[in-house]
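To keep things clear, I will list the structure first and then write my remarks on it.
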Amino acid sequence: MADSHGDTGATMPEAAAQEASVFSMTDVVLFSLIVGLITYWFLFRKKKEEVPEFTKIQAPTSSSVKESSFVEKMKKTGRNIVVFYGSQTGTAEEFANRLSKDAHRYGMRGMAADPEEYDLADLSSLPEINNALAVFCMATYGEGDPTDNAQDFYDWLQETDVDLSGVKYAVFGLGNKTYEHFNAMGKYVDQRLEQLGAQRIFELGMGDDDANLEEDFITWREQFWPAVCEHFGVEATGEESSIRQYELVLHTDIDVAKVYQGEMGRLKSYENQKPPFDAKNPFLATVTTNRKLNQGTERHLMHLELDISDSKIRYESGDHVAVYPANDSALVNQLGEILGADLDVVMSLNNLDEESNKKHPFPCPTSYRTALTYYLDITNPPRTNVLYELAQYAADPAEQEQLRKMASSSGEGKELYLSWVVEARRHILAILQDYPSLRPPIDHLCELLPRLQARYYSIASSSKVHPNSVHICAVAVEYETKAGRLNKGVATSWLRAKEPAGENGGRALVPMFVRKSQFRLPFKATTPVIMVGPGTGVAPFIGFIQERAWLRQQGKEVGETLLYYGCRRAAEDYLYREELAGFQKDGTLSQLNVAFSREQAQKVYVQHLLRRDKEHLWRLIHEGGAHIYVCGDARNMARDVQNTFYDIVAELGAMEHAQAVDYVKKLMTKGRYSLDVWS
């Protein structure tokens with residue numbers, strides 16, 4: 001009460017003073033408003049008088065916009081063969097380019113095309129072009145999935161009922177027999193086009209990357225073109241010849257700000273990073289941790305942590321992180337030296353076909369050093385078409401003959417290529433060293449070499465626990481070839497050398513992006529999970545376990561969590577040993593089962609432990625609705641594990657083998673048996 005009395009107890013002189021103060025303030029405010037309004041009126045009226053009369057903006061002409069009709073482009077440029085490619089690592093694109101280049105030998109003109117850049121509904125108009133043919137080089141990614149650039153095409157094929165009568169086509173698929181869904185994309189495209197009324201003019205080709213993909217392609221190609229000639233009534237105009245696709249332009253006086261320094265897409269994108277980040281716009285992540293995981297000296301297994309703060313990159317447990325590596329500077333320098341080239345010359349390789357969407361084989365202008373370091377694959381054995389093109393530069397007739405033989409489709413040539421190049425793992429530098437007379441111009445070599453591709457790793461962390469970092473688990477690849485050379489993995493050697501930020505005053509940066517995966521924990525946290533991941537195959541399960549531990553901390557009920565892990569010896573390469581022991585101790589891991597393959601006389605693998613626990617596993621699968629996850633080697637481990645589950649289901653489910661196989665296949669269809677494997 002005293003406070004309220006105090007509020008009204010002012011004397012008359014004080015009240016008068018307050019009133020005068022209020023009136024003077026009101027005057028000031030009113031005066032300011034009037035002045036402001038007058039000023040605004042004069043200023044903005046004047047500006048409005050200067051605005052030109054509005055005129056309708058003309059729409060850009062069809063030639064200035066991105067062409068979505070590949071048929072119109074074919075008509076405009078006189079092409080009658082289009083080769084579409086679904087490519088994740090660049091191989092399918094390379095094959096498509098080779099096929100489109102072949103066409104000129106038969107009096108035809110071809111073009112390679114990315115289905116992501118065109119409206120594939122235009123296929124129905126293809127018969128408007130005389131002797132038109134659509135070829136599809138389709139790679140299968142992961143577990144029967146389309147590649148990123150073919151996803152829209154795949155979706156369209158599933159949804160459309162367009163009539164493709166009169167469309168002539170052929171398909172070559174790229175796959176790997178160690179995977180469950182071998183060449184699924186190639187098979188689907190081939191079958192679906194026929195269902196829509198298109199006419200297959202040559203049988204489906206299926207390349208196997210687990211064997212010899214290059215030989216599979218050559219064998220299919222040498223039978224494909226005679227079938228095309230017979231169907232369209234044309235003849236080959238001559239032998240395969242060397243035709244340059246790009247012309248060299250040297251930049252002797254160019255602003256360095258206009259020169260690419262390793263960026264994958266937009267110039268200066270590494271200096272001015274803008275989301276969203278993807279394959280064409282990777283994020284430069286700082287390496288904050290790079291530690292060796294194992295105790296042994298025979299191999300180097302490592303754990304890296306990449307800082308993705310402020311990138312707006314989101315990921316989930318089970319996703320993949322892709323990194324763009326750089327070639328070893330020593331190899332690059334040796335290439336420059338053996339070719340007698342100045343690697344710091346700035347140049348551009350410009351497509352001679354002005355109508356092509358692909359203006360350069362890699363970002364240009366750039367230096368030879370940058371191209372060989374960041375853009376070109378210099379460590380994988382070159383394909384036969386590269387050897388064929390290089391042969392013309394061999395001064396020694398014997399060396400030229402050998403190169404042409406290896407590039408041929410003869411049985412002897414294929415065998416020589418397989419043994420001398422593929423099995424001996426000879427990269428381009430090794431070939432130049434072994435053939436002293438072979439010295440191609442560096443610009444032509446840069447045109448011929450394939451692009452250096454991103455490397456994918458299963459993310460070894462959970463975004464619930466580590467929202468601002470992505471973790472990688474990898475083994476440094478290093479081996480001696482049959483020729484006695486020491487070869488090193490491009491990406492793992494590069495990652496191994498990345499020192500965490502702050503250790504030497506600088507930042508170790510990794511261009512990266514995240515690729516979504518179907519390898520996901522069950523929607524219901526109470527669903528049991530059975531994880532099988534020997535070696536670095538444990539990576540995604542570290543993320544899974546972290547996430548389940550986080551859920552438990554949030555008070556959620558979590559189902560049984562079983563891990564079957566395998567390594568050689570406990571003291572040598574037991575990855576994440578302390579972390580896994582901690583998860584077992586706190587109850588997140590219901591079971592931690594470790595198979596040591598070299599700890600005892602008789603080797604023990606993860607499938608042996610699965611057989612040991614068959615009753616419990618069957619109960620979890622059949623009654624508990626458990627989800628099974630397998631990560632690691634596709635060639636042996638994944639197949640053996642799958643066969644083990646067939647046996648468990650057959651025995652404890654009282655089924656015939658065929659019934660057990662069908663049971664497991666249905667688990668896969670329902671998303672209860674997931675694979676994240678590689679070969």
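Just so it is clear, glycine is given a Cβ too, placed from its N, Cα and C backbone atoms.
The feature FMN binding site is assigned by Swiss-Prot to 87-92, 139-142, 174-183, Asp209, with sequence analysis given as support. The NADP(+) binding site feature in Swiss-Prot is assigned to Arg299, Thr536, Ser597, Arg598, Lys603, Val604, Tyr605, Val606, Gln607, Asp640. Among the features that Swiss-Prot reports, FAD binding site is placed at Arg425, Arg455, Tyr456, Tyr457, Ser458, Cys473, Ala474, Val475, Tyr479, Gly489, Val490, Ala491, Thr492, Trp678. Swiss-Prot lists 81-225 with the feature domain 'Flavodoxin-like', giving sequence analysis as the kind of evidence. Residues or ranges marked as domain 'FAD-binding FR-type' by Swiss-Prot on the basis of sequence analysis: 280-522. Among the features that Swiss-Prot reports, phosphoserine is placed at Ser64, with the record citing similarity to another entry. Residues annotated as topological domain 'Lumenal' in Swiss-Prot: 1-21. Annotation comment: Swiss-Prot describes 22-42 as transmembrane segment, evidence class sequence analysis.
The sparsest Cβ neighbourhood within 10 Å, among the listed binding-site residues (Ser87, Asn176, Ser458, Ser597), is found at Ser597. Between the C-alpha atoms of Ala139 (FMN binding site) and Lys603 (NADP(+) binding site), the distance comes to 36 Å.
The two recorded residues Gln607 (NADP(+) binding site) and Ser87 (FMN binding site) have their Cα atoms spaced 34 Å from each other. Look at Thr492 (FAD binding site): DSSP puts it in a helix.
If you compare Cα positions, Ser597 (NADP(+) binding site) sits closest to Ala474 out of the binding-site residues Asn176, Tyr179, Phe182, Arg425, Ala474. DSSP assignment over the domain 'Flavodoxin-like' (81-225) gives 65 helix, 35 strand, 45 coil.
Mean pLDDT for the domain 'FAD-binding FR-type' (280-522) in the predicted structure: 96. The full span of the recorded FAD binding residues, Arg425, Arg455, Tyr456, Tyr457, Ser458, Cys473, Ala474, Val475, Tyr479, Gly489, Val490, Ala491, Thr492, Trp678, taken as their largest Cα to Cα distance, is 26 Å. Ranked by how many other Cβ atoms sit within 10 Å of their Cβ, the binding-site residues Ala139, Val490 place Val490 at the bottom.
Taking Gly142, Asn176, Tyr179, Arg299, Lys603 as the binding-site residues under consideration, the smallest Cα distance to Ser458 (FAD binding site) is found for Gly142. Considering only the binding-site residues Asn176, Phe182, Arg299, Lys603, Tyr605, the residue whose Cα is spatially closest to the Cα of Tyr456 (FAD binding site) is Asn176. Gly142 (FMN binding site) sits 25 Å from Arg425 (FAD binding site), taking the C-alpha atoms as the reference points.
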